[in-house]
Every structure is written in structure tokens, then in C-alpha cells.
Amino acid sequence: MEFSVKSGSPEKQRSACIVVGVFEPRRLSPIAEQLDKISDGYISALLRRGELEGKPGQTLLLHHVPNVLSERILLIGCGKERELDERQYKQVIQKTINTLNDTGSMEAVCFLTELHVKGRNNYWKVRQAVETAKETLYSFDQLKTNKSEPRRPLRKMVFNVPTRRELTSGERAIQHGLAIAAGIKAAKDLGNMPPNICNAAYLASQARQLADSYSKNVITRVIGEQQMKELGMHSYLAVGHGSQNESLMSVIEYKGNPSEDARPVVLVGKGLTFDSGGISIKPAEGMDEMKYDMCGAAAVYGVMRMVAELQLPINVIGVLAGCENMPGGRAYRPGDVLTTMSGQTVEVLNTDAEGRLVLCDVLTYVERFEPEAVIDVATLTGACVIALGHHITGLMSNHNPLAHELISASEQAGDRAWRLPLGDEFQEQLESNFADIANIGGRPGGAITAGCFLSRFTRKYNWAHLDIAGTAWRSGKAKGATGRPVALLSQFLLNRAGFNGEE
């Protein structure tokens, strides 16, 4: 689908369709008023007859409106004007895209980007429109034999901005929005792929393909089990012992700043391509969704794609920690004591708390990069779902400025995160009689104790942990990966690169 931006008056548009907003109760937006004026009150007369109230999501498609050059006008309800916020704006865009796609409008000029959204500028409105459009049209049908497509799908969308002065920021918004949307799609595709296809080797192949596609700035190295053993990554290796699939750690290095003093931001993604729970096996119901336990790695991959596409002037390293947790004769057991790469020992009390055992060794491994910051992304705990539900990602950090940066980026991107505490009182729950640390700390504060566990391996750098167990995928009829937190991390890195979205 093609996107562009322009500045023009609605009466001069020759298009298959013009999209304008209507507020409750039957109040025309400024652009709709202009169209009403040139059509001699045609639109307002329809509203007076009760054809459209203006409630969020209501639509009315008009054909051959008098004196209007475009073939059709799509009126879309936006709710009460003063209550149009970020969430409602995106819902209106989503409804618009679905309506245009379902009614055979192959191209359209959208004036919704001129609506006033509280606290948001034109760059944000255009970028979110692009991201939302791509999200709305996403489908995962690679493995279906019968693929359904609209007969006349939407192919071209033009977003209007109020003045020519805003064209540059609008074009930049489209560029950024497309790159982020492509990163989200890549993450969703990886997450939705079945575990018999998407294993650690598949993740590694995707990482290598990324380096091939962006060879100017990207290098990928894949570290196998033998090299991990030599590095002392025994905790990581133990998790994969029960699987016939080799554990592989893919390291994607992007260099956008040639300065020798430029330290990288490191992103670490948990890549459990299937998590049965191991010997502490999970219930059968819903176990199919444990293919999504690699969504942290998928998100990191998507972000690295975005960074490479936009050629951001920063250095970023993404690590995909690929592994599979299966029961078997070689599987690790409750009661085992593992020696981590850091030298600390861990008593395994539950083999289904495996993500932290993989991540702790990777967090030690990345010390060699002397990072400016390290952010790990993991579907780590069911406790985080209980705490924050399916709408907000859990955030923990050992560095207040980094935590504040991430929270700010989450608000900018509409991909929200909420900070949870780390404290010595929680660390006490991880005490073990037989090792330096236990891999679980009981039910109370389970998301926090998982973060506390990881924090013991991050003392040499600024670190943040994103628990995406509640936000990485949806269950039920709309089952599928969400691509979160690609938008959050993309915004964080855009901010670091100097593109903070301010006009």
C-alpha cells in the first residue's frame, strides 16, 4: 500500500474517495463544512435527516455529491470533538481503512489527519495513521492454501496536512511509520509462525537474512551450543537440553555511528520458540500459545529491521536468545544447580521459570560490548499479566533516567509501559539453601522477583527489563502476535537518534 502527504483544499481533490470526520451530535468537522458549503448544504441535510449521528465508528458513504470532484465522500463518526484522544483517533483510522477496503475504494484522500487530537502534532497524527493502517490490513496467511483478498483492495492513501509548511514533517512521519510498521509486521510474522518451523535455527536464518539485506550497516553472528559451552553459558544451555533442536544465540550488530567512542544500545530478546514448561510441564489447555514465548526475540528482530531501514545514526546490537524448553531424558530438572556465565550458581525450583535462566547468561555475555544501555524483552511471567493485564507492559530498571526515557517513549508511541519496583525486600524471596540464588521466589510479586533475579546479572551497566507476557499476543478469536513492544523501542531509539517527533 502506498502512502503520501499533501496540502490541499477538499473541493479540488479528484480522487476515488475523500475521508472527513463528523462529531457528535451531527457536527461537521471544518473540512466537512467546506464540502457541505460547495455542495449547497447536501451533507448537512443528510445529517438533519438522521443519516449519521457522529458516534465513534459510524460511517456513511456518499456517491456523486453535487459540485464535488471526487467520486465519493466517506463520512466517519469521531465522537465528541473535545474527547478525541489518541486511542479514539486510532480507532477512527482503523474503521476508515476497513470501510475503504471493503467498499472497493482503491485510493483515497484522508483529511482525518487535520483533526485536533489532544496533545498531538501533525507528525504524530500522520505516523499513527500509517502504522494503524498497516496494522489493520495485516493478516498471517502464509500457511493457508485458500487466501481471501478483497476484489478491489485499498492501494493508495493520501494524508492531508493543513499547510505546506508541514509537508516535510508529514513525509518524515510516513517514512518513520512505514519502517516501524514493517518492524511490527516482521515481529508478528515470527511470532505467528508455528514452532515446528520457527525454532532457534529459523531465528538465526532470519537474523542472517537481515544482515544480507542491510549489509552496509549490519553484521550477524550466530553462536552455537559448543561455543556457548566454551563461554560458560551453562544456564542457557541447560534449558535446551530436553530439545532435539540446538540452542542458538543470534547477535545482530548495527553500526550507524562510526565514532570509536559511540557505545551501543543492546537489546536482548527471549527466544523460547516453544515452552512446554519442561519437567515442570504446563497444562495442556492453551499450550499451543507457548509458541509465542519467543516474542521478545521477535520484537528485537523487528526493531533491528526498523533501525537498519531508517539508517539511524546510532549503534544498536540485538541478541535473539533462541532455545526450546522440552521434557526429555536429557532435560534439566527441579533441584538441579546450574553455574551461570557470571559464576553465580542457581538452584532450579521450577523448570517453567526458564526464561530468566537463558537471559541471565545473555546479560552477562553482552558486557563485552561496553553498552550505553541494555534492555531485555521477554514474555517472562504470568504474574505480570495479573498485575497489568493485557494492555500495559511491565518495566523494571536499575537506572531511573533510562526508565523515564522508556516510559516517555511508550507514551509517545501509544505502546504503554508501567514501572514496577525493584527492592532488596524482594531479593530476599530468591534466597536458596543450596546455591547463590533460586530461580523462583514464590507467588507474591512474581513479576518483580523475576526482575530482581535478572538484576543480579546487570550490575556493570544501565539496564531495563520489559515483561511483555500480557502484551505480546492476543488469545481467543483474534489470536495472534501483536508486535509489541516494537513501537515503544522504536520510539526510544528514534529519540536517542534525535528524531523525537517535535515539529
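Glycine is treated like the rest: Cβ placed from N, Cα and C.
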Please pick, from Asp288, Asp293, Asp336, the residue that Swiss-Prot records in the Mn(2+) 2 site together with Lys270, Asp275, Glu354.
Asp293
Rounded to a whole angstrom, what is the C-alpha distance between Asp352 (Mn(2+) 1 binding site) and Lys282 (active site)?
8
So, in DSSP terms, is Asp293 (Mn(2+) 2 binding site) helix, strand, or coil?
helix
Once DSSP output is merged into helix, strand and coil, Arg356 (active site) belongs to helix
Which one of the recorded positions (Lys270, Lys282, Arg356) has its C-beta surrounded by the most other C-beta atoms within 10 angstroms?
Lys270
Considering only the recorded positions Lys270, Asp275, Lys282, Asp293, which fall within 10 Å of Arg356 (active site) when distances are taken between Cα atoms?
Lys270
As a whole number of Å, the Cα atom of Asp275 (Mn(2+) 2 binding site) is distant from the Cα atom of Lys282 (active site) by 9
